[in-house]
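Look at Swiss-Prot and you will find 1-28 tagged as signal peptide. According to Swiss-Prot, the feature disulfide bond maps to 66-69.
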């Protein structure tokens, strides 16, 4: 009887030890993914939508002048938000890739200046500037347009602070770092979308397949 109790106790200890080892391995894998993501995309410095502990990180490289990015915002993002982001499965990050025209940089700077004050306001701006989009051959992103968006749609943003930040060295440096990151990753166009560090086709069906694959790991 005593021998049986000892064997049972040893079995329990062994089971606990195995669980600890498995837990350590899983924790290590998750942290490795986070470290890889932080190295590639600098998650902590980027605009994000969704829970920080979401298991899948989706990164969009975009240009507010890009017609395909506007289409992505209108057709793909709402479904991504409904099926994954709002359920805590995906956290979305936006990284500037201003490549179409001179005013692409101004749009990127505006987004960063708004994000500096309030992250939720950035995502309102994200939708509003895409709704204001004109032909990509026109320089339609102007300070007048940006100020109108801030004044009319973003009550949490201090307008005077926004004006100061828009052309500040700090904001220009942030946009430059985003551009450098895109260059290092050899981003070819926008929107370019990554799922847990892997480049994916930006259409919803392809993203769903890539996300579901990551969720099963």
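Every residue, even glycine, has its Cβ placed from backbone N, Cα and C.
DSSP assigns residue 69 (disulfide bond) to a helix. Using a 10 Å radius centred on the Cβ of residue 69 (disulfide bond) and all shown protein chains, the other Cβ atoms total 25.
In the shown protein chains, 23 other C-beta atoms lie within 10 A of the C-beta of residue 66 (disulfide bond).
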